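Notes follow once the structure below has been shown.
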Amino acid sequence: MAIKTILYKHLKSSTTRTSTSANASPWNQSLFTYLQTLRSGSFPNAFAFPFALKSCAVLSLPTTGKQLHGHVIKTGCLFEPFVQTSLISMYGKCFLIDNARKVFDENPHSSKLMVCYNALISGYAFNLRVKETVSLFSEMREMGVEINGVTLLGLIPICGLPGNLELGMSVHACCTKLGFDADLSIGNCLLTMYVKCGEIDSARKLFNDMPEKGLITWNAMINGYAQNGLANNVLDLYREMKSTGVSPDPITLVGVLSSCAHLGAHSVGREIEQQIKVCGFGSNPLLNNALLNMYARCGNLVKARAIFNGMPVKSVVSYTAIIGGYGMHGQGEIATELFDDMIRTGIRPDGTAFVSVLSACSHAGLTDKGFDYFGMMQRKYGLQPGPEHYSCMVDLLGRAGKLNEARELIESMPAKPDGAVWGALLGACKIHKNVELAEVAFERVIEHEPTNIGYYVLLSNIYTEAGNLEGILGVRVMMKKRNLKKDPGCSYVEFNGRVHVFFAGDRNHPQTEEIYKTLDELEILFKDLDKLSKNGRERRTEESINGRGVHSEKLAIAFGLLNSTEGSEIVVIKNLRICVDCHLFIKLVSKIVNHQFVVRDASRFHHFRNGLCSCKDYW
């Protein structure tokens, strides 16, 4: 009776400890029911153990699970198939996979039972033990044990880990050979596997070939596109999903909102907000955070702030999103006020929140405030600054023209600086025209990111401004040797609910003739503005209006002017950092037309009005 007393005390302690979690209540109830059985003086039978063991797995109570294992042995239920399966599964979910294997090996009947193999395969996969998972599956087939859908559902997830695509394709072939290719759950699992491996075309082919598609199927494909940066595909697929009559859930809408944020698809995002209300998802914190982020990244800070203010409960994620939004728009003072407010409300900032506020300080030039937060990380919250925090600080010092201090900060880092840190210094060197330090930063950055074309372009631009033709040629030779080509720049403008995409030199748009005519007319007006801006430091490079040199943001601006009313705001989203010439071009346009232009590039938002930009020419 001693084991019963020990188990009773341990179970009582465990269940009391976990009963505070509302989400865990069904599993707590299962353990309480087991306790009541012990209190009554009865020993539980084989039917009671699977529920209790599963509760231990869900609540992550390995010690309680071990005690139950002892009780299983005491009651003589060890060799009951479903009890043994529950023990294997419990140990696997509690990260005691070697214990699970021991349970499997100690029962001579395990090698003949499909349910035992399935539990152990799932356990190995859950613990990311690829070799053992595949080996056990092979053993199962050699032993002639029947394979069912549960077997494959346990095996396929391990194939989504990096480097396992070939294994995944083999398992896919096995599914087809065994006749499981039409099974919806297996199809969904394979689809998710291809998405995780980055094989988005294979995922779409599988999606198209599936005879039946459930909500999970649509979500897997939509979020697969979203995770791989294919935002246009997300919106197209979402429209297709709606046309089939499948209703979205919060997971669907989060994926769509992230793509709206990526593209700047403001009106589509507003439609999703209405859909959220219609579906009754308005209190979902995940969706509210996604909405907040979408509006901020689409340039609508007023709406983003209204959503934030309306949240009944604000988490560190909510604060991080709104702080990041204000930071991207260059409104660092408001961002820091929100960060301080978050701390006053008792919410503990994490590393990501500090990245947001440090970035906001950088964009707004709040050097002292940035150093205060940087010091606060470790001193007050015990957070070790990572490369992403140092990158913000280097950018902050660079904005202030303190390039030597920025280099000293990099050299003082406890860990080896990564490419982003040296890249921040390289960007600062461009602004302050420090060619010598730029060459040092470039040498370091390509050690970490030798194929990042952006850094080569940045150094080439530095040489161009310095009139260093030899340097420009050297960069081109390096790029040619490494077979590097500049990523195509593209810009997005939303009009009447549709996102219009432009590439450099684009002539595929239905309004191409009018767009280029508008650019010609603007050039004539610029000449009337003395061709140069008054401060003498800004020069426009000659760019053929009718040739391939016309950058995508210029085409997007011209399209916006053609299709908007006077005085309206024109929002352009650029996938790369805006170049000096285009930045000056938009400043000049804002001087001669009655519009505000909002441009989001890879770095931040730029608000142009009356010939000025909110970034103050530092980006």
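Cβ atoms here come from the backbone N, Cα and C positions, even for glycine.
Annotation comment: TrEMBL describes 550-619 as domain 'DYW'.
Here the repeat 'PPR' (113-147) has Cβ contacts under 8 Å with residues 81-82, 84-86, 88-89, 91-93, 95, 97, 100-101, 104, 107, 153-155, 157-158, 161, 164, 167, 178 of the same chain, all six or more residues outside its ends. What TrEMBL lists as repeat 'PPR' is 113-147 (among others).
In terms of DSSP secondary structure, the repeat 'PPR' (183-213) contains 23 helix, 0 strand, 8 coil. The annotation repeat 'PPR' is assigned in TrEMBL to 183-213 (among others).
Summarising the annotation, TrEMBL assigns repeat 'PPR' to 214-248 (among others). Per-residue pLDDT, averaged over the repeat 'PPR' (214-248), rounds to 94.
Look at TrEMBL and you will find 315-349 (among others) tagged as repeat 'PPR'.
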